[in-house]
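Peer 1: OK, TrEMBL features for this one:
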| type | residues | note |
| --- | --- | --- |
| TRANSMEM | 31-55 | transmembrane segment |
| DOMAIN | 47-299 | domain 'G-protein coupled receptors family 1 profile' |
| TRANSMEM | 67-92 | transmembrane segment |
| TRANSMEM | 104-127 | transmembrane segment |
| TRANSMEM | 148-170 | transmembrane segment |
| TRANSMEM | 190-210 | transmembrane segment |
| TRANSMEM | 246-268 | transmembrane segment |
| TRANSMEM | 280-301 | transmembrane segment |
């Protein structure tokens, strides 16, 4: 399929024009995208589902606001992976255009809601760590479970409202305005506003974590100076420092994975993109899946509570597997098989295995 150029005028709201956004021109490119999406998407759903199970299966973690926010992040990553992979592969790999403008904007809204909620959950986690380290004596009073759930409700409603604006009428077809070169039917001004929203979230996260790292550094220096006073307070500070470092790693991965996409989005606002850059954007979009896939790995490696829960799950699974292998039914079946084989070799009548004397 030849790559076509998006027309300059605004009358580009037809199904035929949708083909101009299908930038993958070779079979190798389509196979590569499908492989990346399938691998990252599958691992992301599995890993984040495991994180949710570990958090809510343990009373010690599901009651903590920190892990409530992390569970929201995991849920957002699961939804983003499912919606993104299905819509992205269906559009770019299988070149499906048998859907309406509303259907496409609904899918795009789902992707935007999930990824925005993922980033916003990380912001709430940053604020949680900020309060925990800056005001430790008042943390339990300020950050309660009820307030955590209310904050998550506001977060998801806000992200869904912003993502649904194109579907509700803020699109280039309804407004007869300039369309984005990266997304069909999306108004250029809306894309600019969404980028500003994401940049504000990133800025707030960076500010919160800068303060968290500064206070964490102070705590480390304090603990090294007062090793003889290692008590409950120092233990809590060690946990705060560990969790802060873990979430900074999550933030670093987030910035590295999202930077190429955001840079190309910003560039598309001020300049016309070539077909090559739009192909690069398609491949860079899969980095968002990579980010969602890496987050649970960081949790398992850095969070002692989740790591301990994971080890308990694996230990329980091994015990159940060992028990099933050594169950009475298995032993009975094995003995019955041995008796029947011996009797057949001796050409003699065999007793019934139900006889208790045989066992």
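For all residues, glycine too, the Cβ spot is worked out from N, Cα and C.
Predicted automatically and left uncurated, TrEMBL annotations should be read as such.
Provide an account of the burial state, proximal residues and distances for the features listed.
Peer 2: Residues 24, 61-62, 67, 70-71, 74-75, 77-78, 81-82, 84-85, 88-89, 92-93, 282-283, 286, 289-290, 292-293, 295-297, 299-300, 306, 309-310, 313 of the same chain lie 6 or more positions beyond the ends of the transmembrane segment (31-55) yet place their CB under 8 Å from a CB of it.
Residues 21-24, 30, 33-34, 37-38, 40-41, 44-45, 48-49, 51-52, 55-56, 61, 107-108, 110-111, 113-115, 117-118, 121-122, 124-125, 128, 145, 148-149, 152, 155-156, 282, 285, 288-289, 292-293, 295-296, 299, 305 of the same chain sit 6 or more residues outside the transmembrane segment (67-92) yet have a Cβ under 8 Å from a Cβ within it.
With a threshold of 8 Å between CB atoms, the same-chain residues lying at least 6 positions outside the transmembrane segment (104-127) that come near it are 18, 66, 69-70, 72-73, 76-77, 79-80, 83-84, 87, 148, 151-152, 155-156, 158-160, 162-164, 166-167, 171, 183-186, 194, 197-198, 201-202, 204-205, 208-209, 212, 247, 250-251, 254, 288, 292.
Same-chain residues lying 6+ beyond the ends of the transmembrane segment (148-170) with a Cβ under 8 Å from its Cβ atoms: 65, 68-69, 72, 102, 105-106, 108-110, 112-113, 116-117, 120-121, 124, 128, 185-187, 190, 194, 197.
Remote same-chain residues near the transmembrane segment (190-210) are listed as 112, 116, 119-120, 122-123, 126-127, 129-130, 162, 165-166, 170-171, 180, 182-183, 244, 247-248, 251, 255, 258, 262, 265-266, 268-269 (criterion: CB distance under 8 Å, separation of at least six residues from the stretch ends).
Listed by sequence, the residues of this chain that lie at least six past the ends of the transmembrane segment (246-268) yet keep a Cβ under 8 A from its Cβ atoms are 119, 122, 125-126, 129, 180-182, 191, 195, 198-199, 202, 205-206, 209, 212-213, 277, 280-281, 284-285, 287-288, 290-291, 294-295, 298-299, 302-303.
Beyond the ends of the transmembrane segment (280-301), by six or more residues, the same chain brings 23-24, 32-33, 36-37, 40-41, 43-44, 47-48, 50-51, 70, 73-74, 77, 80-81, 84-85, 88, 92, 115, 118, 182, 246, 249-250, 253-254, 257-258, 260-261, 264, 273, 307, 310 to within a C-beta distance below 8 angstroms of the stretch.
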